[in-house]
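Peer 1: Mind having a look at this structure? Questions to follow.
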Amino acid sequence: MLDIKLIRENPDLVKGDLIKRGEIEKIKWIDEILELDKKWRENLRKINQLRKERNQLAVQIGKRKKAGEPIDDLLAKSNEIVKQIETLEKEVEELRAKIDYYLWRLPNITHESVPIGKDDSENVPIRFWGKAKVWEGFLETFKEQSLGKMDYEVIDWRPRLHVDMLEILRGADIERAAKVSGSRFYYLLNELVILDLALIRFALDKLIEKGFIPVIPPYMVRRYVEEGVTSFGDFEDVIYKVEGEDLYLIPTAEHPLAGMHANEILEGKDLPLLYVGISPCFRKEAGTAGKDTKGIFRVHQFHKVEQFVYSRPEESWEWHEKLIQNAEEIFQELEIPYRVVNICTGDLGYVAAKKYDIEAWMAGQGKFREVVSASNCTEWQARRLNIRYRDKTHEKPKFVHTLNSTAIATSRAIVAILENHQTEEGVVKLPKVLWKYTGFKEILPAHMKEKCCQGLE
């Protein structure tokens, strides 16, 4: 939520930012907010003046009572003032509700470094890491996507899609999951279960070493929390509601971690607060019909390790860079080639002032796909959830800044591992950093396991 003072003092800045975001229809809201705010403040002044007059009348009534003089005329005036105050207070309440309606639906102010663009096609790659395995048939599109700035190795065999790898490894059963739960669900099986858990523990250990407090949050939150952390459109497109309850299944651990300190005043000395949340995530994926319908890349349920920071405003941009760096280190140790993308205004969403994505090279698909998002939400969430801090007891509290970033979403990380670390024979060579968590170094196709077993008989 934006600060009403910002709109009062710099309406052109807010309008200009809406233009950058392509939210043209909301520009007129700013003038409407200013007009409503003017009436609201005028009414408050009138109420204060009337209260002053009522207090003066009370003094006069007291004096007349002592003197034994009639007070009927003064009581009539006082009662009339009370009625006027009640009318104005009702108007103030209605005006405030109208102002809040707009404020709660305005996006965050973007950082000056955010590129202007209409959609994800205009996001800007800013750096690349790793040596990509590129099938010769994908070479030209790879060079285009990597801007010629990424090292690569050309291979003459086409890596399998993760969907096909899941089948030959017997790593998932999507057909039976569809029977039980519908589309975009899956049973994870065999070594991939261990791999999923290994990825969680690897990311968790790394962040604990960096001073993050591990948290398993509630998997359901109340509506006021969801309203505080995300845009209203997400209630239709993303979030599952528990029928008959004021509870919603979390689409990310970011949401309960943001709500953790709702309506609190934090001690300045305790900032930054660093949390790493581990949770399942539940998403409707409405509006994505036809996209990634096969496999486990875009699903209704998955595990995720999430970084979350409450920081001082002056430190939040530094923390934004640290969060994306943490995520990059994770994917570097997993030996997954990737690019970091600065998300443009048209793809940014309402909550973030700036967002980076990490997009992993998917050797089977021949393109980069999102595996991490890291956002600085500045005070947009903190205002909605009333999360403030102060350094001294009698100091006026200030709003914190909130930041979040994926550390690892296991289903997408598994997709990246299956597509990048497979051999021509279909063996998956796991990155060394996971060996101590998995207890094995590679995953064999099912037919190879059968041969192994037959040889032992």
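From the backbone N, Cα and C atoms, a Cβ is placed for every residue, glycine too.
Found this in Swiss-Prot, in case it helps:
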BINDING   Thr252, Ala253, Glu254, Glu306, Thr406  L-serine binding site
BINDING   Arg283, Lys284, Glu285, Val299, Glu370, Val371, Val372, Ser373  ATP binding site
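For the listed features, I'd like the structural context: burial, neighbours, distances.
Peer 2: The DSSP secondary structure for Thr252 (L-serine binding site) is coil. Of all Cβ atoms in the protein chains displayed, 23 besides its own lie within 10 Å of the Cβ of Thr252 (L-serine binding site).
Annotation for Ser373 (ATP binding site): same-chain Cβ neighbours under 8 Å, separated by at least 6 residues, are Lys355, Tyr356, Asp357, Ser405, Thr406.
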Peer 1: Quick check: which same-chain residues outside Thr252, Ala253, Glu254, Glu306, Thr406 lie with their CB within 8 A of the centre of the L-serine site CB atoms?
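Peer 2: Nearby residues not in the site list: His255, Leu257, Gly277, Ser279, Cys281, Lys304, Val305, Gln307, Phe308, Asn404, Ser405.
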Peer 1: Taking Glu254, Glu285 as the binding-site residues to compare, which has the smallest set of other Cβ atoms within 10 Å?
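Peer 2: Fewest other Cβ atoms within 10 Å, among the binding-site residues Glu254, Glu285, is found for Glu285.
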Peer 1: I'd like the Cβ neighbour count for Ala253 (L-serine binding site), meaning other Cβ atoms within 10 Å of its Cβ, all protein chains included.
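Peer 2: That number is 29.
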Peer 1: If you run the three-state DSSP split on Glu306 (L-serine binding site), which class comes out?
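Peer 2: In the DSSP reduction, Glu306 (L-serine binding site) maps to strand.
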Peer 1: Have a look around Lys284 (ATP binding site) and count the other CB atoms within 10 A of its CB, chains all included.
Peer 2: 18
Peer 1: In Å, rounded, how far does the Cα of Val372 (ATP binding site) sit from the Cα of Glu254 (L-serine binding site)?
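Peer 2: Val372 (ATP binding site) and Glu254 (L-serine binding site) have their Cα atoms 13 Å apart.
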Peer 1: Given the binding-site residues Thr252, Ala253, Glu254, Glu306, which one's Cα is the least distant from that of Lys284 (ATP binding site)?
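Peer 2: Closest by Cα distance to Lys284 (ATP binding site) among the binding-site residues Thr252, Ala253, Glu254, Glu306: Thr252.
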